[in-house]
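One structure is given below, encoded as structure tokens.
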Amino acid sequence: QAPIKATCEDMSCKTGFPEDVHSAVVSRSVHGGQPLLNVRFRSCDGNKKIHFGSSEPEDFRVGEDGVVYAERSFQLSAEPTEFVVSAQDKETQEEWQMRVKLTPEPAFAGASEKKIEDIVFPWQQYKHSSPLKRQKRDWVIPPINLPENSRGPFPQELVRIRSDRDKSLSLRYSVTGPGADQPPTGIFIINPISGQLSVTKPLDREQIASFHLRAHAVDVNGNQVENPIDIVINVIDMNDNRPEFLHQVWNGTVPEGSKPGTYVMTVTAIDADDPNAQNGMLRYRILSQAPSSPSPNMFTINNETGDIITVAAGLDREKVQQYTLIIQATDMEGNPTYGLSNTATAVITVTDVNDNPPEFTAMTFYGEVPENRVDVIVANLTVTDKDQPHTPAWNAMYRMTGGDPTGRFTILTDPNSNDGLVTVVKPIDFETNRMFVLTVAAENQVPLAKGIQHPPQSTATVSITVIDVNESPYFVPNPKLVRQEEGLLAGSMLTTFTAQDPDRYMQQTSLRYSKLSDPANWLKIDPVNGQITTTAVLDRESIYVQNNMYNATFLASDNGIPPMSGTGTLQIYLLDINDNAPQVNPKEATTCETLQPNAINITAVDPDIDPNAGPFAFELPDTPASIKRNWTIVRISGDHAQLSLRIRFLEAGIYDVPIVITDSGNPHASSTSVLKVKVCQCDINGDCTDVDRIVGAGLGTGAIIAILLCIIILLILVLMFVVWMKRRDKERQAKQLLIDPEDDVRDNILKYDEEGGGEEDQDYDLSQLQQPDTVEPDAIKPVGIRRLDERPIHAEPQYPVRSAAPHPGDIGDFINEGLKAADNDPTAPPYDSLLVFDYEGSGSTAGSLSSLNSSSSGGEQDYDYLNDWGPRFKKLADMYGGGDD
């Protein structure tokens with residue numbers, strides 16, 4: 001637009017905004033970086049340096065050249081968007097403001113009608129003596145519109161930038177900003193000499209909608225000769241993107257029976273193309289509906305917003321529960337020829353409403369129940385409901401409308417089957433009611449939907465028959481209270497306790513009685529007539545009587561099928577008689593041997609109760625005379641008295657003091673109780689100090705027995721410990737006898753005899769190898785020392801001729817013969833001698849080894865016995881007994 005011109009009255013100039021409020025119409029969808037307005041400023045002084053600002057910096061930004069840009073992408077609402085543009089003088093800090101209203105353009109406006117509104121901030125100087133004139137600016141570069149997806153050729157020339165000073169100076173041109181020297185770099189280039197601006201490759205509006213470059217002009221020395229100027233390159237949208245639905249499958253619901261025009265759901269598709277151009281303007285339509293019942297056009301869609309609504313009546317969930325719609329979105333405002341399309345599926349579920357009441361499957365239901373039974377289901381009420389199961393519109397509630405005035409029945413609902421369960425909650429007596437006819441009604445948890453012609457509930461009758469059963473007899477009254485004085489003798493008739501049979505319509509002969517509980521075993525009952533007599537004297541002071549009351553339980557049984565029985569309790573309230581004399585308490589007391597202090601407090605105890613108990617009278621007997629001479633008694637209350645010494649000193653010891661106590665009964669009952677008094681020496685505090693006498697006086701019998709038992713147990717434990725120790729010592733000694741300390745190889749180093757060679761061996765006595773009983777004492781010779789290269793000089797011992805059978809004592813002969821054979825063998829090594837072995841004793845069960853001989857000793861030995869030793873020794877018998885072979 002041309003700058004707004006202002007007329008000045010009286011040739012005066014007014015610096016500031018031409019208008020206080022300016023309204024502008026812009027596109028509904030605003031993108032970040034999009035230029036919205038061109039602003040200029042009217043100044044009376046052309047040298048003012050102005051700084052522009054915005055009251056909504058997060059949404060709008062004003063550049064130094066006066067262009068208002070959108071800071072972010074957003075949708076303008078139907079109401080005008082307002083913000084304030086300010087201008088401030090950098091030197092004088094003067095500030096001017098103007099309010100701007102942005103109104104979205106109508107949805108039907110075409111692209112050709114859209115243009116940028118100008119807010120004129122004319123940079124011109126107004127003179128008082130001349131009309132308004134506009135100063136010429138150095139550079140004037142209009143916005144450049146460049147279509148996206150251009151096929152070239154590239155680089156493609158856009159515009160030529162030049163300065164008026166290029167006639168007198170040699171200038172160099174350059175551009176800066178995103179797309180030139182900032183990412184994405186290299187999209188725009190400029191010829192530094194001619195100033196020709198070119199684009200190097202196709203642009204994509206969906207990636208960058210506009211470019212903001214800044215052109216510079218400098219001389220050959222790099223000095224700036226012009227102020228930088230902004231270049232705006234707008235990328236023109238092309239229809240190169242197909243609409244895309246946000247979801248491929250959309251789910252919605254609509255109640256059944258909805259009226260036409262009912263909103264169902266909204267489907268949304270987006271197009272990456274410019275939404276303000278036809279390329280990004282979408283239109284929706286329904287391609288198909290399945291099923292097509294009851295009408296093929298049950299729904300329609302708003303072609304601009306995507307709202308789906310109903311257009312026909314007849315939605316019935318019981319007939320069609322779900323509809324599937326194929327929705328198509330087409331850009332180019334729905335042009336089927338040039339627009340691009342895409343489809344999605346809309347699944348609409350028809351939700352249930354309570355349009356069907358429950359209906360009983362029968363008009364009358366029947367049931368039966370045994371009498372006196374509770375929590376029993378007597379009848380199942382079944383209903384049908386066409387609504388969706390397990391919803392409030394399907395769940396049935398049952399109530400009784402008549403036939404049960406006493407509330408003996410209730411109806412529960414089975415949550416799974418929706419059946420009504422008629423249940424007995426109070427016992428029913430067959431003799432009183434033999435049949436019930438109930439009236440019941442069923443309805444849903446929620447009321448029926450409006451406009452439904454069916455009744456809201458269904459009714460039916462329930463006929464219930466009561467079955468007679470054999471009931472238990474019952475005692476009347478139960479419990480039964482009888483008042484009776486104690487002391488009633490055995491065999492006395494106490495009372496009659498009978499029961500009744502409630503079954504009036506059953507053939508039963510009689511009842512039989514028996515005793516069920518009688519703690520003291522005082523009573524018996526006649527099995528026929530229920531007469532109760534005593535079997536022992538009734539005693540109120542018995543441990544089985546609590547609060548003067550004795551309880552006994554009896555059983556009454558009939559002869560029905562099956563037999564039944566009932567129990568009854570007899571309560572006997574025992575009245576007290578004066579049958580117990582009072583006794584003194586405690587039985588033992590302690591006092592000092594001097595007169596002061598020596599008082600003993602005693603109490604009279606009587607198992608009877610008033611008036612057969614206290615107050616009591618206390619007195620000392622006349623005999624023996626020493627009682628009244630040494631003691632005196634004074635009653636201090638109705639139940640208590642005080643016993644004290646009459647004399648100044650009484651020798652320490654134990655004294656039996658008889659006391660006569662009489663109660664207040666009619667007739668009176670009295671008894672003489674003996675109080676064992678321990679008299680002892682006391683200190684100033686009244687405590688006994690005569691320990692020896694107190695101990696000598698003796699402990700109680702129970703204490704003495706306990707002490708003796710402890711001593712006996714201790715002695716037994718000591719004796720058992722001594723016996724155990726002795727037995728342990730004997731076992732230890734027996735083990736030591738069995739094992740010689742020298743032969744005990746545990747933790748010892750074993751020492752073996754050496755096997756010498758030739759003349760280096762010492763001379764040993766071979767007679768030790770014979771049996772102990774064949775060795776004579778004089779045959780034992782001392783061991784002598786000989787030279788290493790000579791044979792023994794003493795005569796070799798002679799041994800008896802061994803028998804043919806092996807003998808354990810002939811080991812010496814065997815070794816001697818082996819020595820001779822070795823001496824006569826020229827191949828034997830020199831200095832061979834006997835090996836010395838320890839004597840292992842006699843009585844071995846194994847045969848003698850002396851029967852084993854070398855092959856050089858001849859065949860006089862008989863080795864056939866080796867055949868009897870098993871296959872292992874058979875080979876040995878063949879080697880030594882096989883002859884020359």
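Placed from the backbone N, Cα and C atoms, the Cβ positions cover glycine too.
Note: TrEMBL annotation is automatic and uncurated.
In TrEMBL this protein carries:
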COMPBIAS  842-859  compositional bias 'Low complexity'
DOMAIN    138-245  domain 'Cadherin'
DOMAIN    246-360  domain 'Cadherin'
DOMAIN    361-475  domain 'Cadherin'
DOMAIN    476-584  domain 'Cadherin'
DOMAIN    583-689  domain 'Cadherin'
REGION    842-863  region 'Disordered'
TRANSMEM  703-725  transmembrane segment
Should anything in the same chain at least six residues away from the transmembrane segment (703-725) have a Cβ under 8 Å from its Cβ atoms, list it; otherwise answer none.
none
Can you tell me how the residues of the domain 'Cadherin' (246-360) break down into helix, strand and coil by DSSP?
7 helix, 50 strand, 58 coil
By DSSP, how many residues in the domain 'Cadherin' (361-475) are helix, how many strand, and how many coil?
0 helix, 53 strand, 62 coil
Which residue counts does DSSP yield for the domain 'Cadherin' (138-245) in the helix, strand and coil classes, in that order?
4 helix, 45 strand, 59 coil
Looking only at the domain 'Cadherin' (583-689), what is the model's average confidence as pLDDT?
84
